[in-house]
């Protein structure tokens with residue numbers, strides 16, 4: 001063991017002050033602003049946010065998959081095990097994709113090539129990214145499929161995507177993401193297209209993978225149920241910014257940002273479902289629409305929809321402030337909350 | 001699977017039957033009397049009438065059709081009035097010559113069309129894309145006989161690179177290389193329009209496939225771009241490209257009629273042209289029938305290729 005790994009001071013993934021700007025026909029759009037994230041080895045972290053909050057842009061920025069025609073500029077830093085992704089060049093980046101960081105695609109229904117047997121697609125990745133022979137790759141793929149809780153891996157290996165159910169396809173996609181033993185899996189809403197029972201199975205599968213392989217997982221979701229079930233840490237995103245992040249228990253039981261509070265209030269619980277006066281008592285909703293990133297005011301991006309907004313919110317751009325320091329840091333981007341700036 | 005192939009082959013029979021009816025009726029609509037054209041302008045009405053009786057032209061249409069069809073089924077395409085030979089002897093070698101021209105044209109339009117379309121799609125919005133699609137639009141709008149004349153004027157007469165006409169050099173028959181030398185211009189003239197059509201379709205198909213989730217997903221694994229483009233993008237673009245190419249065979253055979261006449265290519269088109277101008281009905285019928293038969297066969301092949309290429313289609317066939 002060398003000194004570096006013994007000290008193990010480097011985080012697996014470190015995103016610092018990341019801003020991503022893209023080109024659109026209307027002009028340049030800042031889809032991510034001042035994003036800070038750290039994922040340690042073997043950790044499960046979730047990013048929560050509604051559509052358009054920048055979750056997918058986050059993935060595309062980390063894996064640097066934004067096409068040149070779309071990307072205006074990155075700023076800030078993304079480090080994988082201490083290596084700055086913006087400095088290493090495309091060739092090394094290709095090495096990191098799949099091998100260090102891999103993706104579990106959002107829609108398993110459309111993320112497998114309909115023209116090839118699924119086994120062949122897993123093997124294809126292994127053959128190109130690892131030094132395995134064809135036989136070794138096939139054996140490993142069959143093993144992976146079995147570890148994904150698939151009963152007859154041989155039959156699934158030989159199947160075409162359209163012959164599999166949604167749950168099976170998702171398992172195949174997860175097996176594919178593990179093809180080159182990555183240190184981090186980014187799962188992009190891996191359960192939103194699945195039946196509720198299958199959702200739980202797939203979530204448990206992620207947990208098993210995390211425990212068995214020690215793979216860190218960055219779970220992108222809009223569902224606090226998913227967060228509560230598997231994530232250790234969570235970051236809440238709104239309009240391209242992280243508005244709150246911390247340990248899952250802290251954020252769920254003690255949501256501090258008004259947006260997080262609203263999101264959690266939106267989840268119907270059984271008390272509400274079985275309330276006799278349910279018809280009269282509407283479920284909490286967040287009024288209005290997310291802001292247009294094209295013309296943002298200088299104040300808080302949640303101002304227009306916030307239930308506790310004050311005048312100061314409109315004029316002051318809030319910074320991420322630590323409300324609970326040290327190891328299990330909890331921080332919030334809201335001017336109304338006390339505490340020191342990060 | 002075998003059952004599907006057989007049923008697909010059997011299903012071409014009614015189509016071919018329909019083709020014979022259409023071809024037969026079409027000829028009846030053409031003005032002119034074959035008996036008159038055989039006997040010449042000076043023939044007496046009595047002689048014409050007698051010949052019409054002998055040829056069965058005074059029988060009801062249905063009887064004439066029946067006689068013609070039973071002949072066809074025995075492999076007899078009829079006897080040419082003007083050439084005084086059995087049509088099959090006259091047409092078959094020419095049919096082969098036409099097939100050679102068609103295959104050459106198909107090779108040109110499919111390879112160049114797919115390459116142009118693919119590069120344009122991968123470099124969408126680039127100068128190459130705009131230029132080649134502009135040229136394709138112009139190419140698709142030009143009539144074959146005009147292209148043929150222009151090519152001949154430029155490359156044969158002005159530049160003297162390729163021969164003006166024919167299939168082989170009469171004085172110095174040179175085998176395959178000579179054929180190649182002669183086929184370039186007629187093949188290009190015939191292929192131009194189809195090349196443009198295939199290039200445009202390939203471009204739009206590839207652009208469509210490039211946006212598929214699975215293509216992006218494979219990119220996220222850091223696989224080589226060119227490999228993804230070949231293994232996944234091209235593979236999934238094939239079915240529509242094969243479909244349109246199959247349709248182009250029909251178009252090219254039609255276009256070959258023009259370039260055969262212009263370049264004096266001894267093919268079936270040229271024979272048809274001569275037959276039409278001399279009212280040689282049986283030859284016209286036989287020629288159209290041969291072309292239609294080729295088209296039906298090509299469509300059959302395209303259908304079977306599509307099934308072979310698409311696991312989904314195979315499953316739906318198995319399920320039937």
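A Cβ is built for glycine as well, from the same backbone N, Cα and C atoms used for every other residue.
Residue ranges B:59-82, B:179-202 are listed, and TrEMBL annotates B:179-202 among them as transmembrane segment. From the options B:218-240, B:241-263, the stretch TrEMBL describes as transmembrane segment is B:241-263. In this chain, the transmembrane segment (B:241-263) touches the transmembrane segment (B:134-159); three or more CB pairs sit within less than 8 A of each other, excluding pairs fewer than 6 residues apart.
Using a Cβ-Cβ cut-off under 8 Å and counting only residues 6 or more beyond its ends in the same chain, the transmembrane segment (B:283-309) has close neighbours at 4-5, 8-9, 12, 15-16, 19-20, 23-24, 26-27, 68, 72, 77-78, 80, 82-83, 87-88, 90-91, 95, 99, 102, 238-239, 242-243, 245-246, 249-250, 253-254, 268, 271-272, 275-276, 317.
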